[in-house]
Structure formats: structure tokens, C-alpha cells
Amino acid sequence: MTERTLVLIKPDGVQRQLVGEIIGRIERKGLTLVALELRHVSQDLAAQHYAEHEGKPFFASLLEFITSGPVVAAIVEGPRAIAAFRQLAGGTDPVEKAIPGTIRGDFGLETQFNLVHGSDSVESAKREIGLWFPDA
């Protein structure tokens, strides 16, 4: 089943010049980039994107990090795109859970600075794509 997912290359991935490597892995997996944009994230967009974490102790640091530098936002499409990208990304803890061969396993340094975000469900993908690409 063809799906769409939101992929973010977070500020640490942009700063470490891993954008080309990450996009290359997405394309080699057979997924298609249907929208791509480099942007600075506003506090408002960050708060909406991470709304499910509001009230948690790490919420403020999430917002601070995602707004700390440019982010590459992309809509990625393909068969089972959500699961396919999450497999490419690897576990959220790059040291303990992300295996070598995944983006986080190969390049991640710590849990908060884990390079990429990918939607975790069809519902999340629709909501997140609507936030980041309202005209899509």
C-alpha cells in the first residue's frame, strides 16, 4: 500500500552535513521524495509538532533543539513508507537501540540529537504533513 510520511532531518543532521547521505538512503530504499524544504522552525510549529509531549519534563528541550537551526522537511512516498523509513532511521536511542546500518546507528550520538524524525502512523503522518506542508 502506498503511503506518505513526514521525514525531518533535524538540526544536528543538517549541521553535521548528513543531508545528502540521509536523502540517498531514502532514495536507495525505493522511496520517493514528493516535497522537500529547508526551513527554520518557529516556536509555534515546534509546539504543534510535539504537542503530544506537552507537559513532559523534556518538552522545552525538544522545542529548543528543533528550533536551534535549519531543518530539512520532506514528504516521502512509497509502499509502506512509514515503516520503511522508521526501519531506515533505527531506534530512537542511537547508542543502545539503533543497530549499525541504520541512520541513527551509523551517525547518531545521543537520544535527543538523533538526526531524523519519521511519522509513526498513518494518522500522525496526515497530521504532521498538514502542519509542515499545508498545501500538500
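Quick reminder: no glycine exception, Cβ is built from N, Cα and C everywhere.
Taken from Swiss-Prot, the feature active site, pros-phosphohistidine intermediate applies to H117, supported by sequence analysis. Marked as ATP binding site by Swiss-Prot on the basis of sequence analysis: K10, F58, R86, T92, R104, N114.
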Per DSSP, three-state class assigned to R86 (ATP binding site): helix
Neighbour-count leader, CB within 10 A, binding-site residues: T92, N114: N114
Separation of alpha carbons, R104 (ATP binding site) and H117 (active site, pros-phosphohistidine intermediate) (Å): 10
K10 (ATP binding site): tally of other CB atoms within 10 A of its CB: 22
Secondary structure at R104 (ATP binding site), reduced by DSSP to three states: helix
